[in-house]
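The structure under discussion appears below in the form of structure tokens.
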Ligand SMILES: [Zn+2]
């Protein structure tokens with residue numbers, strides 16, 4: 001058995017305690033063997049002066065959108081999509097998606113993220129990039145049927161279903177899939193009614209955008225006579241393995257539906273603030289027993305993929321939304337960074353304990369902005385930054401050691417991404 005030990009750090013355990021301990025990992029099985037004192041592995045990662053946490057989980061992203069980072073800012077969702085993002089995405093090639101995904105994956109590894117859920121297109125390119133980068137992903141092809149003829153709509157739906165069937169369990173099980181209608185307003189009712197049962201037959205969960213803006217709620221109330229999540233429930237789209245992105249404009253009845261069904265909600269505070277979409281009632285959802293995770297959304301509306309930034313944003317906007325400084329405390333944020341999001345998107349990771357997947361991040365605490373240490377959970381929620389991450393490990397494999405990414409060539413990825421982004425924007429504006 002090949003072993004790896006992470007030694008000399010403070011380790012964040014599932015019960016919220018943070019003892020000094022070593023972590024011993026079976027690299028062949030990708031599992032944590034033991035957490036305790038004086039554990040020696042064949043390979044050693046130094047964690048002295050550091051916090052060892054579960055690798056962060058990003059519950060909602062469009063990873064290849066890194067190519068559009070900073071391309072179109074300061075606009076509301078509808079005009080941002082129609083005037084800037086969709087025209088640029090119309091020019092994206094499979095090669096662009098691969099290059100953009102590699103850039104996003106390097107950024108995730110460098111910021112301590114080891115698992116993520118992603119909705120995009122040209123998904124086999126993203127599978128290939130994730131396989132090489134070494135992360136864990138729940139991936140799916142995003143379907144849009146509005147403005148398509150029936151044949152075009154069916155082709156898109158079949159692509160999403162076929163991808164979900166074919167790639168579930170790829171990359172030695174690190175890749176799982178979902179059927180991903182883009183949203184309740186961009187996929188027509190007849191298609192949801194036809195394809196949701198097919199996704200159930202295939203045994204894959206659903207992931208879609210819901211209740212992101214007020215403009216997404218009104219048309220459904222007008223056409224269907226019920227709130228969006230009641231409409232989703234009617235179509236069989238709210239089950240315990242499913243998860244929705246955003247959930248900003250949800251009322252009490254919809255929070256009740258989510259809690260009852262066990263459907264996860266991925267809160268994307270930075271995207272919601274940047275597009276002025278609104279403030280999700282996260283504390284009310286937590287109080288009702290909804291599994292709320294965290295996600296960055298795409299880099300074009302964030303504009304980075306750091307989960308530590310997202311954590312701080314979630315804490316801040318959560319308090320503002322609840323008008324209560326005690327809402328979304330640091331302990332909840334630490335849970336949302338790790339196992340709550342993993343639970344929402346159906347990953348086994350997010351907890352450091354014997355037998356759990358060896359997905360970890362090691363955060364350097366010897367920095368001015370992390371001194372003194374009264375409370376490490378507070379530092380995780382409010383003060384730590386992506387650049388504090390020293391080592392990232394996923395499935396027992398070291399993806400980054402002493403801030404050097406080992407699985408992808410960072411310099412080459414950045415160069416390719418800059419070139420691809422420049423060419424893409426030139427084509428979109430022709
Ligand atoms: Zn999104």
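Positions of Cβ are set from backbone N, Cα and C atoms, glycine also.
Predicted automatically and left uncurated, TrEMBL annotations should be read as such.
According to TrEMBL, the features are:
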{"type": "DOMAIN", "residues": "51-398", "note": "domain 'Amidohydrolase-related'"}
{"type": "BINDING", "residues": "60, 62, 209, 297", "note": "Zn(2+) binding site"}
{"type": "BINDING", "residues": "89, 182, 212, 297", "note": "substrate binding site"}
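Taking 182, 212, 297 as the candidate binding-site residues, the subset whose CB lies under 6 angstroms from any atom of ligand 1 consists of 297. Each residue contributes its Cα atom, and for residue 60 (Zn(2+) binding site) and residue 89 (substrate binding site) these two points are 18 Å apart.
Residue 182 (substrate binding site) falls within neither a helix nor a strand when secondary structure is assigned with DSSP, and so counts as coil. Cβ neighbour count within 10 Å across all protein chains ranks 60 highest among the binding-site residues 60, 62, 182, 209. When secondary structure is read from DSSP and collapsed to three states, residue 60 (Zn(2+) binding site) falls in the strand class.
Residue 209 (Zn(2+) binding site) sits 6 Å from residue 182 (substrate binding site), taking the CA atoms of both as reference points. Rounded to a whole number, the C-alpha distance linking residue 297 (Zn(2+) binding site) with residue 89 (substrate binding site) is 16 angstrom.
Less than 8 angstroms from the CB of residue 212 (substrate binding site) sit 77, 183, 245, 246, 248, 249, 272, 277, each of them six or more residues away in the same chain. Look at residue 212 (substrate binding site): DSSP puts it in coil. Of all the binding-site residues listed (89, 297), 297 sits in the most crowded Cβ setting, with the most other Cβ atoms within 10 Å. The average pLDDT the prediction assigns to the domain 'Amidohydrolase-related' (51-398) is 97.
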